[in-house]
Each structure stands twice: as structure tokens, then as C-alpha cells.
Amino acid sequence: MSILSWIENQRKLKLLNAPKYNHPESDVSQGLWTRCDHCGVILYIKHLKENQRVCFGCGYHLQMSSTERIESLVDANTWRPFDEMVSPCDPLEFRDQKAYTERLKDAQERTGLQDAVQTGTGLLDGIPIALGVMDFHFMGGSMGSVVGEKITRLIEYATQEGLPVILVCASGGARMQEGILSLMQMAKISAALHIHQNCAKLLYISVLTSPTTGGVTASFAMLGDLLFAEPKALIGFAGRRVIEQTLQEQLPDDFQTAEYLLHHGLLDLIVPRSFLKQALSETLTLYKEAPLKEQGRIPYGERGPLTKTREEQLRRFLKSSKTPEYLHIVNDLKELLGFLGQTQTTLYPEKLEFLNNLKTQEQFLQKNDNFFEELLTSTTVKKALNLACGTQTRLNWLNYKLTEFRIRPKF
């Protein structure tokens, strides 16, 4: 064999063994073979996909694309995607070695996605679910403003429709190119989950895959009612080398693995990929009859300043509302009036007497359907509200409460 032939064979072998990740949009020139990251065995990509990207030699779970994950979990022809065309922008005009816009364009062309998550609804063994799947191939699955917005919208939709939420996490953390806008998504998603879990009493299952790190781990990834993980998944916040350099200590070999977290009580279950759909199906079947499950209601609060039309509607509502459906916001009004009664007692002593009587008559609300009308038209109460916070603030507060409970005044 000549030297040129040997070099050519080595080049072809290197091309075949290169670890490529095929998406449906990928070009065939990316290769037909890949190598296991754990044992190094060469794997035929077509057969690897059929085995859900689990190594035939050692059982190691290689990374899956979000599309492959959805196909493995959702029943055929039931997937309905949300917000497919929502695309990130570059608010900070960030640039390191390459402009952020160029990185986004490259990732979108390579993966066929607009950002690092796919969200939507579908059926899992006939059970309706709201599903979000992160894709590590898109800029390391980093969480930017679009990822946070899509996940938040998914959770809010699930809350309104009474659906369980399943999020499959695979991320390197918050996206540094978007700065504080990416960090804000941690709080936004967590707030939506609080309403979904604690107010609507609906189920949220978090599936942790390798890797799940950074701001995703510090927020919604670890907030699930149930935490599932794949075997040997890398799960943590800071990197291993960063921790070792900070502590000046050698960490255990299995540190930040799914097995390590399960041993220390931070996970509920480690599920092999081939059994994940079955485990989720059995869990959802058990939860389906839960007595506390209910369709949710999301309190949005006031959105922007009052318009002149809305302000006039609220003024009329203060004078003429007689409908019992508004009575459920009286408790909040009583709390506000109680606070005013404690802070302004020296100027209007008669107001304090009225408010104290109001606090001691809890059953009054049930007996009198016109309580809300009398409360708002009371001269003493009007004086208290106007004195403490002014008419405009009172209208803003009322607008907030009506919007929170999705009430539209009838005029």
C-alpha cells in the first residue's frame, strides 16, 4: 500500500467516525456513522435512531434532538406545536468571536428550529399533555427570551385547559448573549409553574437529560412534582472544574450524575429512555383521577395604564354594580380598608368604627347580596379611600382586581 493510499484511507475512516448528529433537515454528507461518547464503539446512525440513540454496546444514552424526542413520546399524528415561528432577536447587539445574529442563523440552518425548545400539545398513550422539549443542538440548549416565553405560554395554556405539563430539559443554562433578559426567564417560568402547581393543583413532571446545568437547573428543571432522569445524565449548576478550583478539593467520580442525585434524594426516579413513555403514561394514569385537579385561572393583573374609556367604566361600576358575581373580590377590599383604617385613624375616627365592625362580621357577606354595592357607595368608605390613596389609585386598584379575576363590568 502506498503512502497516498494509506492517507486516503485514514481520511475516509476519520470521516466515517466523526460524531455527527443528524436532524431530519440534515444533509446526507454528514455521514452514516457515529461513535459512542462513552465506550467509543462505532454505531450505524440509522440503527441508532431506531434504538432511540442508546448505544448497543454499553447502553449509554446519547443526545437526542427535540424532534426525535417528541416522536418517541407523543402518539402518532397527535402533536400540535405552539409558537413555531417565534424567533429570537439581538437586543444587546452582542458580539464575541462572532455576532449573536450570525450564531442564531447558523443554529437555525443546522437544526431547522427557531430556538432551543419545541412546545405543544399531544397525546401520550391517549392522555392529553402539554409538552416542552429542549434541544441541546441549538446553541447548547441555552435559555434565552424566546425559550422562556414559549415555555411560559405552554404552562399558562396548560393551566387554563387543565393539562399536565411535561418538560424535557437539556440545556447549558441561561444564554449569555441576552444578558439579564435570559436570567429573567428563570423567574418568569417559575412564577407560571407556581400558579399551575399550587393554584390550579395540576401536575408538572420534569425529565432531566444530559446535560441539564446552569440557570435551567436553578429554576424550572428542579421544580417538578416528580423529577425523572435518564441514566448517567449530567445534572448540576456550576461545572465540575469550576467547583474543584473553588473548593480546592477532588470531587467524587460520579459527582453531578443522575445516580449521585438519586442517592442524595434530589431525584424521584431514573428511567431508561426505552421505558420513559411507559413510566410517564403510568404516572399520568394514576394522576388522572386526582381529586384536586381543576381547570386553572391565571391572574394577569393590570396591563398598562388606564385608558379614558376604562376609567369611565370603572367609575360607573363603583356607583352602579349590583351583581353578586363581584362579591368574591370583597375580601381583598376588606384587607385594603383594614390597612387604611390602621394608618389614618386620627383624621376620621368614624371610619375606624365602621371598618372594625366590618372585620367582625364575616358572615355578613353570605347574607347580603348587596354588600359590595353598599360597601363601595358608603360615604365613610369613599372618604377613607380618597384620603389614603386618592381616586385615581382607587380606580387602578379596582381595575387590577377585576382584571385578575377576569371580570368585565356590566354597564
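Every residue, even glycine, has its Cβ placed from backbone N, Cα and C.
The following features are taken from Swiss-Prot:
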DOMAIN    32-302  domain 'CoA carboxyltransferase N-terminal'
BINDING   Cys36, Cys39, Cys55, Cys58  Zn(2+) binding site
ZN_FING   36-58  zinc finger
Legend entry - Helix-strand-coil residue split for the zinc finger (36-58), DSSP-based: 6 helix, 4 strand, 13 coil
Inset, instruction - Give the number of CB atoms, excluding that of Cys58 (Zn(2+) binding site) itself, located within 10 Å of its CB. - result: 13
Legend entry - Cys36, Cys39, Cys55, Cys58 excluded, remaining Cβ within 8 Å of their centroid (Zn(2+)): Asp37, His38, Gly40, Val41, Leu43, Phe56, Gly57, Gly59, Tyr60
